[in-house]
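Structure first, commentary second.
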Amino acid sequence: MAEKTIMLSDGRAPPPAIPARLDAPTGLLADALGRPLHDLRISVTDRCNFRCVYCMPKEVFDKDYAYLPHASLLSFEEITRVASLFVAHGVEKLRLTGGEPLLRKNLERLVGMLSALRTPGGKALDITLTTNGSLLAKKAQSLKDAGLNRVTVSLDALDDATFKRMNDVDFAVADVLAGIDAAHAAGLGPIKVNMVVKAGMNDQEIVPMARHFKGSPYILRFIEYMDVGASNGWNLAEVIPSAEVARRISAEMPLLPLQANYNGETAARWRYADGGGEIGLISSVTQAFCKDCSRARLSTEGKLFTCLFATRGHDLRALLRDGRSDAEISAAIGALWQVRADRYSETRTMNTSGKERPEKRVEMSYIGG
Ligand code: SF4
């Protein structure tokens, strides 16, 4: 049973210390395990119009739920300023998340501001967005025009009854598929479609989803159900291992392994033997990929998390609103990354085997997936 009292944000997050020496960013930052800082995920809202049972279950996120007040959210100017400091440290990819990011008003304006940033070498950034697809049909073209490169769309089933049971707000599959097609028509590709697989909930949809997207321009990715946050009552028995997903698909549509596109890619790539395109398997539970994890996360209210499963963030907003200089904030970010040693998924078994889950983790709807 999900717990009713959950931690939306990390109220205790202290502002990071400003190092005495303000070293200029080199673009070559590495953490304590030698991992570079390459991706920044920016959550722009803690709200969502779905109530997916694994992310924002209705019994917790009900009408009395206290979302963050608008003044707590980082403004577009604050987000862009922080993002530019991360870019100077080596970040080349920005992903907008939520909640549902398309619920943030005038998001196109933020996309436009972020797309004007350049790496120290003068390269444009890869700007992507993860969405539930519900508003995509309406927004795809304006997002593309603003400078968005790609979208990733979450879709957990093709069967309407199953999908509606999962999103818990009666949203139809056809409307998400229309959003995906609109994004494709607008040029927001290659589009990835993410399916979180939960045993007994939607695992019967694995093969129909594979069949549907085989031969399409879209890359379907299967994600092992994860223990993010504290509200979804996660249980290891509800995880369908990626190997089982591959086995079920291969039985009907044989698969062959593919090389990773780049170091640190979260999805293992497989292609259909008959040339019908590729799928991805994200094995965050059974085959952790912490060793190449180059992702930082900025929460809706400006806290920096160095791991999806972190229990504490670092309050960059306090520095921004305290009049700190770019050099000071940049040095603080650099110092935080240099001591980062997170590798939660690699140590999950120990943490979830009994009563040892020491602290409550922040919710995925707050930190971004
Ligand atoms: S558990 Fe943390 S360190 Fe490991 S891959 Fe996920 S976000 Fe990265």
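Here, residue 1 is simply the first one shown, and the rest follow in order.
Just so you know, glycine gets a Cβ as well, placed from its N, Cα and C.
As the structure is a computational prediction, the values presented were derived from the model and not from experiment.
Binding of S-adenosyl-L-methionine is attributed by TrEMBL to TYR54, GLY99, SER154, and the same site annotation extends, among MET226, MET253, to MET226. GTP binds ARG41, ARG95, THR130, ARG295, ALA296, ARG297 as TrEMBL records it, and from the list LYS164, LYS192, LYS198 the residue named for this site is LYS192. Checking the binding-site residues CYS52, CYS55, LYS192, ARG297 against ligand 1 with a 6 Å cutoff on the Cβ atom leaves no residue at all. Listed in sequence order, the binding-site residues from THR130, LYS192, CYS290 having a Cα within 10 Å of the Cα of SER154 (S-adenosyl-L-methionine binding site) are THR130, LYS192. For MET226 (S-adenosyl-L-methionine binding site), the nearest of the binding-site residues by C-alpha distance turns out to be CYS290; the candidates were ARG41, CYS48, ARG95, CYS290, ARG295.
Put simply, CYS48 ([4Fe-4S] cluster 1 binding site) is 17 Å from ARG95 (GTP binding site) when counted between their Cα atoms. Taking each of the binding-site residues ARG95, LYS192 in turn and counting other Cβ atoms within 10 Å of its Cβ gives the largest count for ARG95. Within 10 Å of the C-beta of CYS290 ([4Fe-4S] cluster 2 binding site) we count 18 further C-beta atoms, all protein chains included.
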